[in-house]
Amino acid sequence: MSTRVFNFNPGPATLPLQVLEKVQAEMLDYKGTGMSITEISHRSPEFDAVVNSAVARVKRLLGLSDDFTVLFLQGGASQQFYQIPMNLCQGKKPAYINTGTWSTKAIKEAQILGKDPVVLASSEDKGFSYIPKEYEVPKDAAYLHFTTNNTIKGTQFHTFPKADVPVIADMSSDIMSRPFDPKPFGLFYAGAQKNLGPAGVCLTVIRNDMLERVPEDIPTLLRYTTQASKNSMANTCPCFAIYLLELVLAWLEEEVGGLEKAEARNQKKAGTVYDAFDKSGGFYKATAAPEDRSLMNVTFRLANEDLEPVFIKEAAEQGLKGLKGHRSVGGCRASIYNAMPQAGADALADFMADFAAKNG
Ligand SMILES: *Cc1c(COP(=O)(O)O)cnc(C)c1O
């Protein structure tokens, strides 16, 4: 009998079972090499095929033209917080929208570098529980940076900001959960460990004209041009993480059927969980503004907060794990990324109804 649970962890997060089974099957002997993928050279033909397939899958899934370069970088999404201002400012001030913990950190890094970031709008006044909608983007900004989905606060941009300057987005927790138009983007990035695979690799997509902004006087590995000219293999790349990411992308293309299908699945799952709040007569309360609720990270409180540890414990006993909110906000959070099946959302909604009936 399977011992797998429904895993609602925010990242590292659940992966498709099929992908894990494939990794298991290929672990001791990758395609007749007699070695695992993580024991062979990143310069071998076998690994080259993995990277090239991953790049091709990213391009197909996102509908990227050849104006974009796909990079697999280290240092997580957090490294992008400083790599972006280091590479792309050209002496101009960057603009940011602040919608939570991760945007705040990105702004801080631009400040540390002395780039004088301008914060155009912030939802800090209400604990980052909504997405600001009124702001004007200066025409002379280096770029506009925003966070598409706020993993900790449970809000999401359902329409993207418009600007005359290149748009840059941290998409760590909702990349490939829905289709979007890549054209306005100068760059977007996502730590893989939420929607794309394991920790250890960050997908960064950069529009080629942005590479012309990269200065010469920053360390070699921190210049986007370095990895762009070497297909992400200027140094030893995170081989195992890229291999796993490629398998997740294959699952997304071949099993799920692309991003429109992924979005439909995600809407249905999120609908199941949010309905459970709305039906509970106030027993559970979603913390995000209704129009800005995330389809990926459902954040909520119990009206009686003392019951939250009991809720989390009893859920775990029934095979629903990882429901504790981020340590900075408390409460509960269900992360329902691409790889969470509808059955997980259904099981959570059923548990919530039972728990409310028993404790209400
Ligand atoms: C998790 C997360 C990060 C941090 O990613 P690391 O890979 O740990 O650096 C950044 N931004 C968002 C939106 C996240 O969800």
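Each residue, glycine too, has its Cβ placed from N, Cα and C.
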Candidate from GLN90, GLN193, GLN267 that TrEMBL assigns to the same pyridoxal 5'-phosphate site as ALA77, SER78, TRP102, THR151, ASP170, ASN235, THR236:
GLN193
Measuring Cβ to any atom of ligand 1 with a strict under-6 Å cutoff, which of the binding-site residues ARG43, ALA77, SER78, TRP102, ASN235 qualify?
ALA77, SER78, TRP102
Between LYS194 (N6-(pyridoxal phosphate)lysine) and ASP170 (pyridoxal 5'-phosphate binding site), the C-alpha gap once rounded to whole angstrom:
12
Using a 10 Å radius around its CB, how many other CB atoms surround GLN193 (pyridoxal 5'-phosphate binding site)?
25
Could you state the whole-number distance in Å separating the C-alpha atoms of ASN235 (pyridoxal 5'-phosphate binding site) and ARG43 (L-glutamate binding site)?
10
